[in-house]
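> Input: one structure, supplied below.
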């Protein structure tokens, strides 16, 4: 007999503990969820995320920076026209920097096509460009005679190598994970909005109206007639 109050208290405490989950479900604000979903949809309509745009901007910086260094190298060697003719028309793998410039153009075209136009969500494109860049630069440094041509024999290959690997790191550790996280948040918010719509139905529109059931009105009239018939006649 003494255990009955304890069992009742345990049942009551378990029911109280289960209440917070229900309160959490009912505390969902559908307005906030819809605003968040609209923001995600606006990003999708915008076509490209902010972090991906930053990546494309860095790829463009890679091309422009290598081009600037190559133009400076042409000027240092005795004039753009003379050196340009020597490095382009009379191309020599062991002494020309023109191929490093073409390597930057190759990276720019492939990465912009893959991640800006096609909006690729995989790392294979940048893995390909980085592998080609690394292999070409290593071969050029070993075979060619760039180190005997002054500071630019060191600067251009090293800068090109570093920029290619920075692009790989930025895409693999920043762009793709952040976009995947934003997509997961969008799916979670969309699922929560659907649940909130079931828990909090919308306000009735102007075209909708409510009328009491006819059975209720009829029952009221019948009860009044019954009361009148039961009154004693004087």
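Backbone N, Cα and C define each Cβ position, glycine as well.
Automated prediction, rather than curation, is the source of TrEMBL annotations.
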> Have a look at 96-116, 180-200, 201-221 and point to the one annotated transmembrane segment in TrEMBL.
96-116
> Go through the chain and flag residues at least 6 beyond the ends of the transmembrane segment (149-166) whose CB is under 8 A from any CB in it; none is fine as an answer.
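Result: 58, 62, 65-66, 69-70, 72-73, 76, 95, 97, 100, 103-104, 107, 129-130, 133-134, 137, 140-141.
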